[in-house]
């Protein structure tokens, strides 16, 4: 059974879903909608997010599992290959998952990314270099990219 923990951070409320062994959900939410049951695992994930937001962490090593379609999982794995401080376009991600015409589908998979920040969908931008879409909002996306010293 999945459990959820909530933490306050600079962008509002961070909801972390987990099993006994893995993080399955990590996203900014507007409100607390289930029981708050923090654990050692959710605390570990939250602490790593805090370290990242302070500029003291460039990657994440808490255990996680993707829950989604095969295509979504391919996209999310491709996102994990984008280095800290770099961006890729939706087209480049589509090409990386061997679906060069699936830019919109990549965008939809990005929007469904269950483990934001750690699985860096914020590093995906438009081919023209513009910020396009982010489940946490464009302001949060811009702030994360600026934290990584990415020029916009």
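Every residue, even glycine, has its Cβ placed from backbone N, Cα and C.
In TrEMBL, annotation is done automatically, which means it is predicted and not curated.
What TrEMBL records for this protein:
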DOMAIN    3-64  domain 'Methylguanine DNA methyltransferase ribonuclease-like'
DOMAIN    70-149  domain 'Methylated-DNA-[protein]-cysteine S-methyltransferase DNA binding'
Rounded mean pLDDT for the residues that make up the domain 'Methylguanine DNA methyltransferase ribonuclease-like' (3-64): 97
Residue counts (helix, strand, coil, in that order) that DSSP gives for the domain 'Methylguanine DNA methyltransferase ribonuclease-like' (3-64): 14 helix, 22 strand, 26 coil
Residue counts (helix, strand, coil, in that order) that DSSP gives for the domain 'Methylated-DNA-[protein]-cysteine S-methyltransferase DNA binding' (70-149): 40 helix, 5 strand, 35 coil
